[in-house]
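Okay, so here's the structure we're looking at.
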Ligand SMILES: NC(=O)C1=CN([C@@H]2O[C@H](COP(=O)(O)OP(=O)(O)OC[C@H]3O[C@@H](n4cnc5c(N)ncnc54)[C@H](O)[C@@H]3O)[C@@H](O)[C@H]2O)C=CC1
Ligand SMILES: O=C(O)[C@H]1O[C@H](OP(=O)(O)OP(=O)(O)OC[C@H]2O[C@@H](n3ccc(=O)[nH]c3=O)[C@H](O)[C@@H]2O)[C@H](O)[C@@H](O)[C@@H]1O
């Protein structure tokens, strides 16, 4: 099938590459001309394991093309997939400015029958609104069908997740359109859920909100463990073994970040509030996440006997999690901003990113960053940090405190190097 994907970000690029691999002819369009010209020169603008190889193979075989003319892409393809960003507006609601602008382009170019797939995460009711919007813009109803088809991939494992989804959700009551969308994914083994458009939109928000809830729950329980001298890692294993709860997403840490969980929690709260249904539970989920980092900084302060201009802190990790170069709502960046205001020296290292943060000096390696440090904070769970040479770290540090903000390190290896291990919610 011919598919035009609008938006060459994490979701657009991954979906484009996977659909090309499944045998479709894919055009991926972005209004960012520089991004498109880089893509046409074989430069992938994001770090996502496996994406470059897949894109390169299909681009050179002409199954995947990159362009910046949205209207022309709409004219030439039967299926249009919207994968543009839906960031938070000031009040936390999803800002649909990019979606609206894409719909305008679609309206100006649409003349024959199209299926318009909403891949972007959008609030409940957006599909209905998009349909009305296109009709108001003069498009005949019989010329299009808006279908919700939310995305559940995680950054860092996006290709694997897209080939092996837990489920494919298709939101439309139009059976023919549902069949076409389902056929796009032929070759992927997954349960397909065909439901209403608004239900599909809420499945996406509900899933991210539930994941965030699980994380704030375990992070709050980690505080209780800390107060009672118990180990949250053991407690999480014991809880997760109940198959009704599940073991995943119970890793306590300095809080969740990234471009989606924080924004989608806020957007669902805003959508609910707009219908006079305030979500108290999600309010608490966000609050726990917002305060998790402060609790950890206070712990560092306590362990060091004060956090002042005499202290040199090293931080490993800048991205919001490992295996990505994405810095959006990174808790690692937030911890650096907080520490830089108080410590005398802050040195940092990340394998992929070095954002400009006042007071932070970036080093070329993990070991260089710990030179002379009183304490080391692990803010992102990169494998390189987990496998660090702790004897060498101990030699280079001035102090001995290793703060594991992701509970990923091997405590024994650290302690046998003479260092002091401090996890989250661990004695
Ligand atoms: N990043 C992720 O892991 C996931 C994201 N999502 C959702 O997917 C959507 C996209 O997210 P990302 O890929 O992270 O976004 P992104 O910000 O990485 O990329 C969006 C792209 O859309 C382009 N764009 C914006 N307006 C345009 C227009 N009018 N015409 C053409 N191109 C336009 C931008 O230039 C940008 O390259 C969001 O709604 C997000 O919530 C869903 C699942 C996973
Ligand atoms: O809508 C989205 O964009 C995506 O949001 C998340 O994916 P992602 O943001 O890529 O990353 P996650 O793996 O969910 O991690 C989010 C944050 O939670 C943290 N986390 C995750 C798991 C855990 O056990 N503990 C924990 O602190 C991570 O370090 C990270 O900061 C969801 O997991 C995806 O299913 C969803 O498609």
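All positions are counted from 1 along the displayed chain.
Backbone N, Cα and C define each Cβ position, glycine as well.
Going by what TrEMBL states, the NAD(+) site holds 30, 35, 86, 121, 155, 263, and the candidate of 197, 328, 331 recorded there is 328. Take the substrate site that TrEMBL assigns to 152, 153, 154, 155, 204, 249, 250, 251, 252, 253, 257: the candidate from 321, 363, 395 listed for it is 321.
If you measure from the Cα atom of residue 155 (NAD(+) binding site) to that of residue 250 (substrate binding site), you get 18 Å. Taking only the Cα positions, the spacing between residue 154 (substrate binding site) and residue 35 (NAD(+) binding site) is 22 angstrom. Distances between the Cα of residue 86 (NAD(+) binding site) and those of the recorded positions 152, 204, 250, 257, 260 are shortest for 260. In the structure as shown, the Cβ atom of residue 263 (NAD(+) binding site) sits within 10 Å of 22 other Cβ atoms. DSSP assigns residue 204 (substrate binding site) to a helical segment in the three-state reduction. Looking at residue 30 (NAD(+) binding site) and residue 260 (active site, nucleophile), their Cα atoms lie 20 Å from each other. Taking all protein chains in view, 25 other C-beta atoms sit within 10 angstroms of the C-beta of residue 257 (substrate binding site).
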